[in-house]
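The following features are taken from TrEMBL:
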- B:6-28: transmembrane segment (TRANSMEM)
- B:40-58: transmembrane segment (TRANSMEM)
- B:64-88: transmembrane segment (TRANSMEM)
- B:161-179: transmembrane segment (TRANSMEM)
- B:208-226: transmembrane segment (TRANSMEM)
- B:247-271: transmembrane segment (TRANSMEM)
- B:291-309: transmembrane segment (TRANSMEM)
Amino acid sequence: MAPMLEVKDLVVAYGRVRAVKGISFTIDEGQIVCLLGTNGAGKSTTLRTISGLLRPESGSILFEGEPIGGLKPHKIVAKGIAQSPEGRRIFPEMSVEDNLRLGAYSRRDSQVDDDLGKIFELFPILGERRRQRAGLFSGGEQQMLAIGRAMMSRPRLLMLDEPSMGLSPLMTTTIMRTIEQLRRDGVTILLVEQNAQAALTLADHGYVLEVGQIMYDDAGSALLDDDRIRRTYLGAA
Amino acid sequence: MFFQQLINGLSLGALYGLIAVGYTVVYGIVKLINFAHGEIFMSGAFGALTVYLLMGSPAHVSTLFGLCVMLPLMMIGGIIAAVGIALLMERLAYRPLRDAPRLAPLISAIGVSISLQEIFRLFYGRIPGFPDAHAAIRFPDVAGISGVSVRIGGVDVQMSAIFTLAALAVCTAFLWFFINRTRSGRAMIATSQDPATASLMGIDVDRVIMIAFALGAALAAVAGVAHGLRYSNIDFRMGFTAGLKAFTAAVLGGIGNINGAVVGGLVLGVVEAMATTYIPGQFGGSAWKDVWAFVILILVLVFRPQGLLGSKVVDRA
């Protein structure tokens with residue numbers, strides 16, 4: 001079976017500085033794939049390029065067999081890829097419900113209200129506070145909102161950029177359980193994380209990036225036991 | 001005397017407000033002060049005049065014809081001209097500079113402003129049957145408005161003033177509805193708050209920017225017609241002073257805030273009317289009327305840079 005997403009020899013540059021220097025990876029339908037790496041490794045740049053916020057300098061991005069590299073972001077959302085961006089980027093002045101409805105902006109069907117109900121089932125706290133301004137929420141609640149908002153476009157591929165950033169261990173666990181739940185519901189997930197332990201526990205496959213290149217990759221459980229990972233990301237001696 | 005000046009100031013302010021909305025809507029979305037917006041206002045007035053000329057310069061028409069046929073057609077002509085030029089300007093002069101340093105589109109805007117003035121000055125009169133635009137051109141009288149006044153509360157109020165105030169009210173109501181009750185309006189709000197994230201929601205940001213330019217241009221065109229009816233003259237330079245004053249109004253109200261632009265315009269108009277009437281001695285009178293707007297601009301920038309209705313927000317990088 002062809003992979004759902006296939007990134008091939010992708011190069012992305014800011015001006016003359018190359019942030020991603022020819023990376024290739026694939027995601028199969030139903031998988032959770034994780035990109036690991038320190039700050040500046042090129043993880044967010046990769047997600048932003050898949051989303052269309054950045055244009056690739058060279059290389060290709062195929063989604064369900066179709067080239068999507070260089071398309072405008074709204075076209076990519078319409079194809080079935082959603083992103084919960086780094087730093088969550090919720091609309092703080094808007095209510096929870098308005099944030100979620102914006103997530104469904106690309107849709108013209110009549111089931112948006114049903115999906116709103118599903119998000120409130122997934123995150124009951126959002127339902128209880130649906131009319132409140134989103135800016136008043138805690139980091140964890142904002143992360144739930146950002147994931148819920150991305151889900152409102154009914155994506156087949158959901159990309160999450162550092163969902164655990166700044167969250168307590170307890171909240172991190174909650175978010176990771178949600179990601180697992182979403183996968184069971186049939187969503188394919190590309191996860192960018194610095195929290196290697198949490199991410200690799202979930203991931204079917206992990207890729208380790210360093211300064212814009214993939215250094216090695218393996219199954220999630222295998223990487224958890226990998227000495228290089230343990231030294232760099234898990235703080236083991 | 002006071003009431004007369006109040007009406008005068010409010011109608012003048014309504015004119016500034018209609019133009020100011022264009023500065024503020026565009027700034028709210030792309031963080032660009034479109035210094036060519038005054039020329040969009042001028043294009044609107046010329047567009048209306050063009051429709052009048054194409055109609056064969058009808059004279060001595062009935063009030064009904066003037067208000068129900070001539071005026072709407074002239075307004076539509078003005079709006080088409082202004083919106084068309086604004087969209088062209090966005091596409092050719094601003095979009096290629098979207099990711100450039102902020103100074104670049106600002107300089108581009110000044111270039112567009114001068115170019116548009118010169119295009120109208122040099123080429124409008126070359127069209128067969130059209131008047132030469134090197135100097136002021138007489139704006140057509142519209143039966144039912146031009147030279148007509150009604151007596152309200154003991155003062156004579158020009159119909160052109162009532163038209164301007166009514167136009168501001170209608171345009172503001174339309175804009176409120178558009179922004180708060182339509183899909184495109186929601187997209188505008190989201191884009192003004194965070195363009196990158198808005199695009200991740202599936203919003204076509206280029207389209208939102210075009211809508212912002214088009215809305216501002218349409219209101220400026222209405223102001224152009226109102227200006228023509230009020231002063232009975234238009235000329236290729238009319239956008240310069242009016243544009244700067246409307247920009248002052250937008251800053252006064254809080255740049256990026258639509259209600260602020262309307263309030264700022266009205267306040268500025270009233271201040272200008274009152275200052276020319278009540279300041280005695282050598283600083284009084286209409287010779288100084290253009291000074292007061294810029295005195296206000298400086299005072300606002302020094303003491304309340306966020307404007308009357310603007311909230312203190314950290315400018316996003």
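These residue numbers are counts, starting from 1, taken along the chain as shown.
Cβ atoms here come from the backbone N, Cα and C positions, even for glycine.
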Discussion item. I need to check the long-range neighbours of the transmembrane segment (B:161-179): which residues 6 or more away from its ends have a CB within less than 8 Å of a CB in the stretch?
Written reply: 7-8, 10-11, 14-15, 17-18, 21, 145, 150, 185, 188-189, 215, 219, 222-223, 226, 229-230, 258, 262, 265
Worksheet item: Counting only residues 6+ away from its ends, which parts of the chain sit with a Cβ under 8 Å from the transmembrane segment (B:208-226)?
Response: 14-15, 18-19, 21-23, 25-26, 28-30, 34, 37, 40-48, 71, 74-75, 78-79, 81-83, 85-87, 89-90, 95, 160, 163-164, 167, 171, 175, 178, 184, 187-188, 191, 198, 234, 242
Discussion item. Pairs of Cβ atoms less than 8 Å apart decide it: which stretch in B:6-28, B:64-88, B:291-309 has the most with the transmembrane segment (B:247-271)?
Written reply: B:6-28
Worksheet item: Excluding the flanking five residues on each side, which residues at least 6 beyond the ends of the transmembrane segment (B:291-309) place their CB within less than 8 Å of a CB in that stretch?
Response: 244-245, 248, 251-255, 257, 259-260, 263-264, 267-268, 271-272, 275-276
